Amino acid sequence: MPLRLVFMGTPDFAVPTLLALSAYGHDIAAVYSREPKPAGRGMKLQHSPVAQEAQRLGIPVLTPKTLRTDEALAEFRSHEADAAVVVAYGMILPQAILDAPKLGCYNLHGSLLPRWRGAAPLNRAIMAGDAESGVMVMKMDVGLDTGDVAMAERIAITDAMTVTDLHDALARLGADLMVRAMAALERGGLQLARQSEHGVSYAAKIDKAEAKIDFARPAQAVLRHIHGLSPFPGAWCELPIDGEAVRVKILRCALADGRGAPGEMLGDDLTIACADGAIRVLQLQRAGKQPMSADEFLRGTPIAKGVRVSSS
């Protein structure tokens with residue numbers, strides 16, 4: 001028999017899971033999401049991607065600023081949920097909320113726990129050069145991503161993969177995993193295992209100060225840095241354009257042959273020297289402009305061989 005669920009999520013990453021649980025036939029009593037925020041040129045209040053999808057599905061949406069009041073707890077309990085599914089909600093759940101559903105609260109986390117607990121597991125996995133990532137369903141407790149694990153799926157991280165690529169792949173994989181987990185919970189057969197005490201690491205929130213590219217690092221490290229911050233906040237450097245240093249974000253690149261001083265342009269195809277080897281820029285973005293391929297950029301803004309790219 002389908003479960004009665006409360007779904008809690010906010011960004012695009014959570015939308016596939018909401019859709020998959022709804023398509024499975026679970027009774028989603030309510031969707032909790034973060035409050036609307038100003039966005040766009042007019043800075044009008046906009047609901048989160050999850051809230052918009054829930055409204056389209058006809059599911060009641062709640063956007064409380066806190067869950068730590070008696071009123072918020074009473075409202076949450078009023079849904080009489082069998083379980084809560086939490087995917088990138090963006091708010092820490094107090095113990096009283098965790099205890100409210102009959103069968104508990106279950107979180108979809110975008111890493112292979114206990115590695116990369118915390119806010120930015122996808123970015124940190126790519127930036128650290130991890131060979132793989134994945135998604136895990138865990139039964140939540142009051143710790144930071146410390147709950148017992150129910151199910152997991154893995155995915156390889158390639159040199160060509162940006163955070164956007166990994167995000168989209170894990171969102172799809174995670175939706176299927178959560179459907180399987182809730183089906184097992186429905187049957188009474190969901191098995192839990194404690195997380196290992198070894199290999200614990202924390203994925204700190206990305207700081208914009210990290211975005212500056214240091215071409216004095218090895219090419220592989222520069223590539224991982226760029227792909228781990230693409231598209232947001234976007235790893236940047238300054239290109240000499242019309243006599244000025246113009247900041248551009250490099251969104252996608254590849255390892256390339258060549259040697260030179262770090263930051264030196266090795267050709268007319270946006271190949272830039274690093275401490276060892278080089279990277280070739282594949283996609284970039286100027287401030288206020290749309291992302292474009294390197295070929296599109298160079299048609300309007302040729303960059304000569306031998307010039308130096310700065311990241312001051």
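Note: Cβ is positioned from N, Cα and C throughout, glycine not excepted.
Per Swiss-Prot, the features are as follows:
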BINDING   Ser111, Leu112, Leu113, Pro114  (6S)-5,6,7,8-tetrahydrofolate binding site
Checklist line | 8 Å Cβ shell about Ser111, Leu112, Leu113, Pro114 centroid, (6S)-5,6,7,8-tetrahydrofolate site members excluded | finding: His109, Arg115, Trp116, Arg117, Pro121, Gly134, Met136, Asp145, Gln195, Gly199
Next item on the list: Give the sequence-ordered list of residues that share a chain with Pro114 ((6S)-5,6,7,8-tetrahydrofolate binding site), lie 6 or more positions from it, and have CB atoms under 8 Å from its CB.
Entry: Asp145, Thr146, Gln195, Ser196, Glu197, His198, Gly199, Val200, Ser201
Next item on the list: Run through the Cβ atoms and count how many others sit within 10 Å of the one on Leu112 ((6S)-5,6,7,8-tetrahydrofolate binding site).
Entry: 21
